[in-house]
Ligand code: NM2
């Protein structure tokens with residue numbers, strides 16, 4: 001049964017994973033400065049010397065996935081040919097969206113433009129038409145189909161090996177199933193790959209939560225007229241962890257899918273409120289313009305290396321973003337594999353690229369353009385608050401400018417908390433899946449294993465909050481952790497090419 005520890009837990013992965021969690025959190029708490037310096041040095045080295053590799057990696061993923069999605073392999077079904085999708089479309093899209101994005105989306109959607117507008121990329125003149133459009137559309141590029149392609153790659157690799165080629169466990173190394181055939185070496189390599197997954201998860205999740213907790217606390221504090229405090233930050237983390245532990249305990253269809261569907265529904269109502277009570281026409285106009293501008297310039301943005309000016313934009317933003325998506329890739333891959341039985345590879349790729357991007361763009365269009373509007377009309381000095389105080393406070397001020405401002409700040413904080421709980425849910429699930437001995441199709445990791453990870457994941461955010469500059473450490477760690485995964489993605493593509501059937505049944 002559930003609590004049969006020996007049968008359900010793979011201690012050879014469970015213990016190293018728990019140790020990695022401690023090994024990452026403790027030094028950050030004890031030697032924050034040294035940890036910060038070391039990791040910042042690595043960040044600079046990697047972006048300077050290997051930045052191009054990330055850019056070409058994304059281009060490669062795009063080409064490969066287009067070939068799969070639009071070619072004959074796209075119709076390969078995950079499971080038997082007659083298998084019906086396990087989850088309905090709304091629940092499936094909500095879960096994949098919540099697995100892939102979290103509170104980081106509402107954070108950056110509201111504020112990313114403000115970081116670009118005074119120093120636009122591509123040498124555009126600040127205040128010019130080009131500068132404005134670059135500022136409001138670059139974020140949409142960072143969350144668009146190219147970014148989702150980074151998620152789709154490990155998802156296709158893992159789900160194909162799991163459902164079609166009969167891999168018996170659901171882990172990151174499942175994506176390399178069959179590639180490493182020597183039993184002894186295969187085991188060791190698989191263990192290394194699965195540990196990489198834990199590290200990337202911690203760095204990615206640490207960044208998301210480290211960014212969003214101050215934003216949530218500032219919104220709560222402002223809405224009740226209090227000052228933000230450390231206790232409040234920790235209380236927010238504990239609320240998120242409590243919520244997600246309940247969902248993790250209740251399982252996939254009862255807890256996780258309901259939380260995700262509720263989250264998407266609530267966020268949508270909130271966005272509609274802003275659109276309808278805010279400057280509707282402006283939001284729609286600038287939203288349309290930025291969408292068109294971004295689509296038209298995607299190739300330019302994708303290949304922008306800033307070869308002459310070397311302003312740092314590409315390294316600080318685009319490459320950082322790609323690394324962040326790569327770091328999240330395994331978690332999303334494992335989780336989306338689990339919820340996608342009965343879907344085809346084409347469904348997976350297009351579902352992520354289309355619905356993932358559309359969802360993220362709606363946030364950017366409504367939140368970003370609303371914030372831009374209130375700044376431009378001197379209703380809220382958004383950019384100034386970002387400079388003089390903090391981004392979290394600027395976001396809270398934007399929400400406070402809505403009708404029923406203080407209530408909306410509270411609602412906004414609630415949405416962000418549910419967003420965090422919903423994303424962390426898929427992480428706890430993926431960690432539990434990874435540390436289970438075997439997981440046959442349709443089976444879930446044991447209940448206490450899921451709850452253990454839900455609670456354990458709270459440790460790192462608390463460490464990051466307690467340490468000054470913790471978020472910088474997490475952001476740099478994302479990049480460092482993503483590097484081996486970049487190479488691993490190459491291995492997964494190679495494995496897919498090797499194991500895709502030469503002839504498809506019925507072809
Ligand atoms: N990504 C999508 O908090 C979040 O939104 C997590 C961030 C990787 C940029 C996902």
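Just so you know, glycine gets a Cβ as well, placed from its N, Cα and C.
TrEMBL has this to say about the protein:
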- 12-32: transmembrane segment (TRANSMEM)
- 52-70: transmembrane segment (TRANSMEM)
- 90-111: transmembrane segment (TRANSMEM)
- 146-164: transmembrane segment (TRANSMEM)
- 195-218: transmembrane segment (TRANSMEM)
- 230-252: transmembrane segment (TRANSMEM)
- 264-284: transmembrane segment (TRANSMEM)
- 319-336: transmembrane segment (TRANSMEM)
- 348-373: transmembrane segment (TRANSMEM)
- 411-430: transmembrane segment (TRANSMEM)
- 451-471: transmembrane segment (TRANSMEM)
- 477-497: transmembrane segment (TRANSMEM)
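When each of 195-218, 319-336, 411-430 is checked for Cβ pairs under 8 Å to the transmembrane segment (451-471), 195-218 comes out on top. Tertiary proximity for the transmembrane segment (411-430) is limited to same-chain residues at least six positions away from its ends with a CB under 8 Å from its CB atoms, namely 95, 98-99, 101-103, 105-106, 197, 201, 205, 208-209, 212, 215-216, 219-220, 223, 236, 239-241, 243-244, 247-248, 252, 255-256, 259-260, 262-263, 266-267, 270, 330-332, 334-335, 338, 396, 399, 444-445, 450-451, 453-454, 457. Sequence-distant neighbours of the transmembrane segment (319-336) (same chain, 6+ residues past either end, Cβ-Cβ under 8 Å): 47, 51, 54-55, 57-58, 95-96, 99-100, 142, 147, 150-151, 153-155, 157-159, 170-172, 174-175, 196-197, 200-201, 203-204, 207, 348, 352, 426-427, 429-430, 433-434, 475, 478-479, 481-483, 485-486, 489. Remote same-chain partners of the transmembrane segment (146-164), defined as residues 6 or more beyond its termini with a Cβ less than 8 Å from a stretch Cβ, comprise 58, 61-62, 64-65, 68, 76, 78-79, 100, 170, 172, 174-178, 298, 302, 321-322, 325-326, 328-330, 332-334, 336-337, 340-341, 345, 348-349, 352-353, 356-357, 441, 489, 492-493, 495-496, 499-500. Long-range contacts of the transmembrane segment (195-218) within the same chain, counting only residues at least 6 positions beyond its ends with a Cβ under 8 Å from a Cβ of the stretch, are 13, 16-17, 20-21, 24, 102-104, 106-107, 171-172, 228-229, 232-233, 236-237, 240, 324, 326-331, 334, 390-393, 395-396, 413, 416-417, 419-420, 423-424, 427, 430-431, 434, 457, 460-461, 464-465, 470-471, 474-475, 477-478, 480-482, 484-485, 488. Of the recorded ranges 12-32, 52-70, 90-111, 230-252, the transmembrane segment (348-373) has the largest number of C-beta contacts under 8 angstroms with 90-111.
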